[in-house]
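Asker: Got these off Swiss-Prot a minute ago, pasting:
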- 12-18, 40-42, ARG305, 331-333, 413-415: GTP binding site (BINDING)
- ASP13: active site, proton acceptor (ACT_SITE)
- ASP13, GLY40: Mg(2+) binding site (BINDING)
- ASP13, GLU14, GLY15, LYS16, ASN38, ALA39, GLY40, HIS41, THR129, ARG143, GLN224, THR239, ARG303: IMP binding site (BINDING)
- HIS41: active site, proton donor (ACT_SITE)
- VAL299, THR300, THR301, GLY302, ARG303, SER304, ARG305: substrate binding site (BINDING)
Amino acid sequence: MPAIVLIGAQWGDEGKGKATDLLGEQAQWVVRYQGGNNAGHTVVLPDGQDFALHLIPSGILTPGVTNVIGNGVVVDPGVLLDELAGLEARDIDTNRLLISADAHLIMPYHVAIDRVTERYLGKKQIGTTGRGIGPCYQDKIARVGVRVQDVLDEKILRQKVEAALDIKNQILVKVYNRRGLDVDEVVDTVLGQAEKFAGRIADTKLLINQALDRGETVLLEGSQGTLLDVDHGTYPFVTSSNPTSGGACAGSGIGPTRINGVVGILKAYTTRVGAGPFPTELTDDAGENLRKAGGEFGVTTGRSRRTGWFDAVIARYATRVNGITDYFLTKLDVLTGLQTIPVCVAYDVDGERVTEMPMTQTGVHHAVPVYEELPGWWEDVSGARSFEELPANAQAYVKRLEELSGARISAIGVGPGRDQTIVRHTMA
């Protein structure tokens, strides 16, 4: 059986939690392969319970599924324990959660540096969540990071923390005029936290490959979205990892020939959190109405999301760079009640019409959307469970987005509930 990649096709917050929850019903394994607790997703169960998850894969809510925090993820031990405690308090079985020994740990000094750096940048800030994600990935690339397996050997952990604080404290004290961190305090804190998750540490790369050899289905869950990818996103307003499908192999430890399909998640309109270019952004009442109707506030930060119309240029780009085979279109219900719905089909960049993503950062910043107006609908779509039950104009809207995006739309979300989904085709 296959490995299936699930990836956001916009700037994150597309509704990946619901898609993972749906696909997780046919998977035996759900693997988070990059990012950290800088992104969140909400899953609503049939009984009305909603769960906000930031680090743990949303497959944790499906009985019998083994969940993995992969080697490409950066793990804040405190957040991990808080999330586990929150799930267990609501009688969710967390015994089937494993953590890669090769994942990196977000240390207290990563969070401290992330927060003071953003404050120092002021209006020039990138808009990070201040969770220490970027500084942790910096240490990983510089080969001075602390890995999950290091908590199993206090001597190695202490050596790494001492070496790190020799430099980090210089930055905190001399550059930002902040108090330095104490080695013993950091080590003791992390070791104390590790006592509560050490039994979950495993060679997950081996276990995932063995599962595939047995014919089991593995769902590889990315966080954030394509346009936030450090290589393929709107750099420098991006995250520090590769949420695109190519990152799934590196972040989980499986080879590319294991992947059978790539499912992209598209919101029926577009949102973005933080700074950076956003060609279809609405700064008027229409944008505020979308924000309120869609509940567009970040799960992790609570920040208001920027809103705009659907952008087919970035959808086509996401299809190409991810090799997307199927799309899950979310929040179609939010557009109910609009007379017409603009869809961006191209950009005007300094007088030239382009239908593909501009090559340069300047080009993206100069992009002015070229819209096609589609007729809206007034009927309530939240109860539809087949494509044919949707209003004719809603069907036409979906078909047009499918045509513009370059991959079939196989599932459609018509509400926040787990059951409020239309499945048109079997995905992957």
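Yeah, the Cβs are placed from backbone N, Cα and C, and that goes for glycine too.
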Asker: Please report the Cα separation of GLY12 (GTP binding site) and ASN38 (IMP binding site) in Å, rounded to an integer.
Answerer: 11
Asker: Can you tell me the CA-to-CA distance separating ASN38 (IMP binding site) and SER304 (substrate binding site), as a whole number of Å?
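Answerer: Given the Cα positions, ASN38 (IMP binding site) is 15 Å from SER304 (substrate binding site).
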Asker: Which of the recorded positions ASP13, GLY40, GLN224, ARG303, ARG305 has its Cα nearest to the Cα of VAL414 (GTP binding site)?
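Answerer: Of all the candidates listed, ASP13 is nearest in space.
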Asker: State the count of C-beta atoms found within 10 angstroms of the C-beta of LYS18 (GTP binding site), not counting that atom itself.
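Answerer: Within a 10 Å radius of the Cβ of LYS18 (GTP binding site) lie 26 other Cβ atoms.
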Asker: Do you know offhand how many angstrom separate ASP13 (active site, proton acceptor) and GLN224 (IMP binding site) by C-alpha?
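Answerer: For ASP13 (active site, proton acceptor) versus GLN224 (IMP binding site), the Cα atoms are 7 Å apart.
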Asker: Quick one: what's DSSP say for THR42 (GTP binding site), helix, strand or coil?
Answerer: strand
Asker: Here are the binding-site residues: ASN38, THR42, GLN224, SER304. Which has the lowest count of other Cβ atoms within 10 Å?
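Answerer: Among the binding-site residues ASN38, THR42, GLN224, SER304, the sparsest Cβ neighbourhood within 10 Å belongs to SER304.
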Asker: Measure from the CA atom of GLY15 (GTP binding site) to the CA atom of GLY302 (substrate binding site) and give the result in Å, rounded to a whole number.
Answerer: 16
Asker: Express the distance between the Cα positions of SER304 (substrate binding site) and GLY15 (GTP binding site) as a whole number of Å.
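Answerer: Between the alpha carbons of SER304 (substrate binding site) and GLY15 (GTP binding site) there are 16 Å.
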Asker: Closest of the binding-site residues to ARG305 (substrate binding site), Cα to Cα, picking from LYS18, GLY40, THR42, LEU332?
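Answerer: Closest by Cα distance to ARG305 (substrate binding site) among the binding-site residues LYS18, GLY40, THR42, LEU332: GLY40.
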Asker: Roughly how many Å lie between the Cα atoms of GLY15 (GTP binding site) and GLN224 (IMP binding site), rounded to a whole value?
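Answerer: GLN224 (IMP binding site) has its Cα 10 Å from the Cα of GLY15 (GTP binding site).
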Asker: Quick one: give me the count of other CB atoms within 10 A of the CB of ASP13 (active site, proton acceptor).
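Answerer: Result for ASP13 (active site, proton acceptor): 28 neighbouring Cβ atoms inside 10 Å.
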Asker: Going by C-alpha positions, which of the binding-site residues (GLY40, GLN224, ARG303) is nearest LYS18 (GTP binding site)?
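Answerer: The smallest Cα gap between LYS18 (GTP binding site) and any of the binding-site residues is with GLY40.
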